[in-house]
């Protein structure tokens, strides 16, 4: 029973602090107006209507925009893709380009 009191007290204090913390879970409040939390910013993405060719869509931003993240590798054009046909007329695609990590 004596172990239960400190445990309950710790849980109660943490619950009170979680409710009273300004700015939410990941953002501190510096006297600015409160903005809604944007999960796209956590992944260092940009909210846009359409992603650019070197970006991928990962999440959905507020106002039904797309969260566009930059790719870490550069994708080359499709000119480096070879098409080989076998005797059964099945198409097999081989990518001959090499990717380099930045």
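Each Cβ is built from the backbone N, Cα and C atoms, and glycine gets one as well.
As annotated by Swiss-Prot, signal peptide applies to 1-23, with the evidence given as sequence analysis. What Swiss-Prot lists as disulfide bond is 40-67, 47-61, 51-68, and the listing cites similarity to another entry. Positions annotated as region 'Disordered' by Swiss-Prot: 83-102. The feature compositional bias 'Low complexity' is assigned by Swiss-Prot to 87-102.
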Same chain, 6+ residues apart, C-beta under 8 Å of the C-beta of residue 67 (disulfide bond), given in sequence order: 39, 40, 43, 45, 46, 47, 57, 58, 59, 60, 61
Number of other Cβ atoms within 10 Å of the Cβ of residue 40 (disulfide bond) across all protein chains: 20
Three-state secondary structure, residue 40 (disulfide bond) (per DSSP): helix
